[in-house]
């Protein structure tokens, strides 16, 4: 079990460090900034690379919503759910803390949103709570369907990390303007702790929407689509 939890810790660490790091350090870099597309690709690449690296150990969840979805679908024992969540959140917090230290090394640094999520005045595009809730539930549900489908016995072997990574990239392309992309409660928690905004006051929704979406996605796959 320790090996699985370590894999989830380091996998989630890499997701936050690489994905949020790209947003904090590189997205708006003068003239050469990577923008929304670069950040979206970074998140997808973190999952793709670590799924290949440690997916065989823990399943490569790196996300409490994914772990819940796989539990509902019968892919993860219920007794492992909370330990997975703890490892994922700790990995996210560790990565966010190190990113904060690195970013604060620049003159004139201001924590600001620190790649945190939000709705209303914390939404990159000024979207409402209802808009954020709806898009995150839908996107998380489809993310779970992608994961369950690409890792099923019916899917071509060896390609699941690619499908999952590109799926997460697409999710970010759609939702960065709306919420800065939640779908992962651990990622949301890690950066919210260090953001100089009201992100913590909205953190409850960063958990509720992805977890609801995960359950919906698992039910859809298991009841309507799943054949494995």
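Every residue, even glycine, has its Cβ placed from backbone N, Cα and C.
Sequence annotations record features per position, and here Swiss-Prot assigns transmembrane segment to 1-21 (among others) based on sequence analysis.
Sequence annotations record features per position, and here Swiss-Prot assigns site 'Involved in tetramerization or stability of the tetramer' to 20 based on sequence analysis.
Positions annotated as transmembrane segment by Swiss-Prot: 23-43 (among others).
Annotated site 'Selectivity filter' per Swiss-Prot: 43 (among others), in sequence order. There are 27 other Cβ atoms within 10 Å of the Cβ belonging to residue 43 (site 'Selectivity filter').
Under the heading transmembrane segment, Swiss-Prot lists 82-102 (among others), citing sequence analysis as support.
The annotation transmembrane segment is assigned in Swiss-Prot to 129-149 (among others). Within its own chain, the transmembrane segment (129-149) has Cβ neighbours under 8 Å at 65-66, 69-70, 73, 75, 118-120, 123, 155, 160, 163-164, 167-168, 171, 174-175, 178-179, 181-183, 205, 208-210, 212-214, 216-218, 220-222, 225-226, counting only residues six or more beyond its boundaries.
What Swiss-Prot records for 154-174 (among others) is transmembrane segment. Same-chain neighbours of the transmembrane segment (154-174): 36-37, 39-41, 43-45, 47-49, 51-52, 55, 60, 135, 139, 142-143, 146-147, 181, 183, 227-228, counting only residues six or more beyond its ends whose CB sits under 8 Å from a CB of the stretch.
DSSP assigns residue 172 (site 'Selectivity filter') to a helical segment in the three-state reduction. Residue 172 (site 'Selectivity filter') is surrounded by 23 other CB atoms, counting those within 10 A of its CB over all protein chains shown. Taken from Swiss-Prot, the feature site 'Selectivity filter' applies to 172 (among others), supported by sequence analysis.
Residue 181 (site 'Selectivity filter') counts 27 other C-beta atoms within 10 Å of its own C-beta, drawing on all protein chains shown. Residues or ranges marked as site 'Selectivity filter' in Swiss-Prot: 181 (among others).
According to its DSSP assignment, residue 187 (site 'Selectivity filter') is helical. What Swiss-Prot records for 187 (among others) is site 'Selectivity filter', and it gives sequence analysis as the kind of evidence.
Residues or ranges marked as transmembrane segment by Swiss-Prot: 205-225 (among others). Outside the transmembrane segment (205-225), and at least 6 residues removed from its termini, the chain residues within Cβ reach (under 8 Å) are 63-66, 68-74, 117, 119, 129, 132-133, 136-145, 148-149, 182-185, 188-189, 192.
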Query - Tertiary contacts of the transmembrane segment (1-21) (same chain, 6+ residues out, Cβ under 8 Å) - result: 39, 42-43, 45-47, 49-51, 53-54, 57-63, 80, 83-84, 86-92, 94-96, 98-99, 102, 114-115, 184, 186-187, 190-191
Report summary line: Note: in the chain of residue 187 (site 'Selectivity filter'), residues six or more apart in sequence with C-beta under 8 angstroms of its C-beta are 12, 15, 16, 19, 20, 63, 92
**Report entry** Coarse DSSP state, helix versus strand versus coil, of residue 43 (site 'Selectivity filter')
**Finding:** helix
